[in-house]
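Only one structure is covered here, and it is reproduced in the block below.
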Amino acid sequence: MTGISLLLIEDDMKLAEVICEFFQQQHLLVTHVSTAQQALQQSQPFDIIISDIMLPDLDGLSLFQQLRQRWQCPLLFLSALTSEHEQIAGLEVGAADYLCKPIAPLLLLAKIRSALRAAQHPVIQEQRQLHDLLLDKARYQGYFRGQSLQLTALEFDIFWLLSAHHGQVISRDRLFQEIVGRPYDGIDRAIDLKISRLRRKLAERCPGILCISALRGQGYLFTYGNADE
């Protein structure tokens, strides 16, 4: 762990002091900031980032997207928000892990090591280009005419699958098998809700061009329109 550069974003000064002291004992190079603005003012490279969610000037989930545009290193959330919903939300935006306060320093260190090991063996980098649409699997993000679509990790997975079969209907069962990892039971609407949000997001950013259609009894169809193409 010697020489690992870490950015800690934490507004609880007492907790930050304890964490920084422990990390320094482990020979990590720690930069501590207490606000989102201070984090975004940093210019040096980092190997890993740990961020609180309840920051004084911006919530950590919103900050994540801005951090991801600057650094491609693993990001771990460390938060007092411990509900299942909040943890899922943190992981869905693309965090490497979601850790709940309080956490033992040695466990935190183990989580950091695990995230760094995973980052050393990334998924094969791949990009998909369709006219003005670029999907970047390395960054887990989509871009339309150079502008980020601001996709969550789950939205990206869904869009990646649909775009791979542009112009073809993908059934709910296949979506569940490949995205959720289990067969569709005919009742669960989780994927439908995610696709509904994805459709709204695409309609706002590129109306009439990137279209996902729901076909009753069949599934979903992604098409690339011609508006202003």
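For all residues, glycine too, the Cβ spot is worked out from N, Cα and C.
Lifted from TrEMBL, the feature list:
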{"type": "DNA_BIND", "residues": "125-224", "note": "DNA-binding region"}
{"type": "DOMAIN", "residues": "5-116", "note": "domain 'Response regulatory'"}
{"type": "DOMAIN", "residues": "125-224", "note": "domain 'OmpR/PhoB-type'"}
{"type": "MOD_RES", "residues": "D52", "note": "4-aspartylphosphate"}
Within the DNA-binding region (125-224), residues counted as helix, strand or coil by DSSP: 37 helix, 28 strand, 35 coil
Across the DNA-binding region (125-224), average pLDDT on the 0 to 100 scale: 89
